[in-house]
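Engineer: Following this message is one structure expressed as structure tokens.
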Amino acid sequence: MAKTGYFESMKRKKKMKNTLSNILLAIMVVLSLGPIVFMVMTSLMDHNAIATGKWIVPNRFSNYVEVFEKLPFGIYFRNSLIVCSCVMIVALVIATLAGYALARYKFPGSGFFGILILSTQMLPGMMFLLPLYLDFVKIKEATGIQLTNSIPGLVIIYSAFYVPFSIWIIRGFFASIPGELEEAARIDGCNKFSAFIKVMLPLAVPGIIATAIYIFLMAWDELLFAWVLLKDANVLTIPVGIRAFIAYTTARYDLLMAAGSVVTVPVLIMFFTMQKKFISGMTAGAVKG
Amino acid sequence: MDIQLKKSGIGVKEKKSSHLLYSIKQNLFAYAMLIPAFVAMLCIHFIPMMQGIYISFLNLNMMTMTKFLGAPFIGLRNYYEVLFNPDSLIRTGFWYALRNTGIYTFIVTFSTFALGIILAMLVNREFRGRGIVRTALLMPWVVPSYVVGIVWGFLWRQDSGMINIILHDWLHILSEKPYWLLGRNQIWAIIIPTIWRGLPLSMILMLAGLQSISPDYYEAADIDGANGWQKFWNITLPLLKPILAINVMFSLVSNIYSYNIVAMMFGNGAGIPGDWGDLLMTNIQRNSFQLWQFGPGAAALMIVMFFVLGIVALWYAFFKDDLVVK
């Protein structure tokens, strides 16, 4: 008798705990989604209503049109796409080669190179930006090649800047592929490079895609370098464009929220189509340490 | 005897060096694969870094900018200017930024991982709609951080901001509407959005960690009659520690170098000296590229780097046993 009472109280306790957990989870979901929903809703509201904090029916799609008219948002969008795609390709190629070499071979200096890679992650980006900015100004004076205030300059910096971290992720993927596959290909008459291209590379595609998305997202979100290096409206990327809009005009939150919604959408699509692969890629590296 | 030993020593050395040469020759392919990455890192990371260190000893500002590395050498004057000179505005700004960054980094990193573990445990249960809930919780991570800065800057406004409307008008928690973007509250205005955006990543990492823990441990603990807390402290947390270790470090470093959210929220007005909304990176960026004080800027960066080095050393001492050497 006493025993069943004990189990019943345990059961009740467990049920209460479960309900409490659900309530907590529901609160967290609301807090997570709240600001995003708010952003999208405000982007559809009238400017004057927002300024006074009134709530009206969100039905003004004209804000989205106005964003592209008031700001040269189309140009910013194009610039950002060009920069991010170029950076993604360049950094990925460099990082794949290096990541493979580090994962597959143990050679004098491989440990040192690994430490070099990690050490770059501990340094502030400003530490490179400050001298690089002056270097670029000097290069312009000496050779006439325009690297400040130009998209190629930004692509060069970003590409090199994201290489170490990308190597770190890709190396993990290559390390998880059994090396015997490469040896088998070598026996079948491939040289080292063609064994890499024909056998190892196709196997690492999921990891490479995850890394590519990661690079793209980092470049899409980069403000500091772009803010310092770019000045003219026709070369600005989205973050700088929006920041300049805030800095030099009166706050039009309806337009800002519309712009925010527009830039979040490509990232959202990219993320949720690849969610599983991306997350497994991120966590694989993390769990392995 | 002595001579023999010496001889054999030399012999070993010779053998070793020829072995080194041999293994370098064997791995020429690997070196070739590393060349592009090495060149990229040399040009964009290491050469600028050396220049940066040198600049921190130069009187490099708007006037001497054209001379670049030929600017007058002034030794440690820049460091004095940043750290001690009582008349220098740069010094006041730097110390406040350092204080803010310290508070910011500590609170953000700690809360992100504490909340991340809680959230991961909540999501790790069996319940209906788990996939949708997980996806919903991941959403903040997808929002670019500069957008986070704009949206939260808007949410924090005093009179018409949504947060004050909810806390004051709807829930009546606050008796009056506080100014979030002025004074002391500024630091909360930047801490909370950073946690909001960082939480999904920490949740995913912790979730991966939780799922890698074998259920056998919990069954054994159940048999021994352990309660929930005991299981958490004695099983979950110790087994999460290796994952926590490496990610706490990345989180600490990236929060110290945090820039986007603050820069977007406060626009160009961020960081009047004494301001609670100024972080190290916004401060140094402003000194270097708006006041064109490159020398003090580089010196401040060097100081920050030494701080980070110290933190990494502390971290290493703390988590030493949990790091698996590969």
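For all residues, glycine too, the Cβ spot is worked out from N, Cα and C.
Per TrEMBL, transmembrane segment is recorded for B:28-47, B:54-76, B:103-123, B:135-155, B:187-208, B:239-259, B:298-319. TrEMBL lists B:98-313 with the feature domain 'ABC transmembrane type-1'.
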Engineer: Sort out the residues at least 6 away from either end of the transmembrane segment (B:135-155), same chain, that have Cβ-Cβ distances under 8 Å to it, and list them.
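Structural biologist: For the transmembrane segment (B:135-155), the list is 119, 123, 161-163, 181, 189, 192-193, 196-197, 199-201, 203-204, 260-266.
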Engineer: By a Cβ-Cβ criterion of under 8 Å, what residues six or more beyond either terminus of the transmembrane segment (B:187-208) are in contact with it?
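Structural biologist: Answer is 100, 103-104, 107-108, 111-113, 115-117, 119-120, 123-124, 137-141, 143, 145, 148-149, 152-153, 156, 180-181, 240, 243, 247, 251, 255, 258, 261-262, 265, 276-277, 279.
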Engineer: Give residue numbers and ranges for long-range contacts of the transmembrane segment (B:54-76): same chain, 6 or more residues beyond its ends, CB-CB under 8 A.
Structural biologist: 292-295, 298-299, 301-302
Engineer: Cβ under 8 Å, sequence separation of at least 6 from the ends of the transmembrane segment (B:103-123): give me the contacting residues as numbers and ranges.
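Structural biologist: Those are 130, 133-134, 137, 187, 190-191, 194-195, 198-199, 201-207, 209-210, 236-237, 240, 244, 247-248, 251-252, 255-256, 258, 279, in sequence order.
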Engineer: Using a Cβ cut-off of under 8 Å, list the residues of the same chain at least 6 residues beyond the transmembrane segment (B:28-47) that approach it.
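Structural biologist: For the transmembrane segment (B:28-47), there are no nonlocal Cβ contacts.
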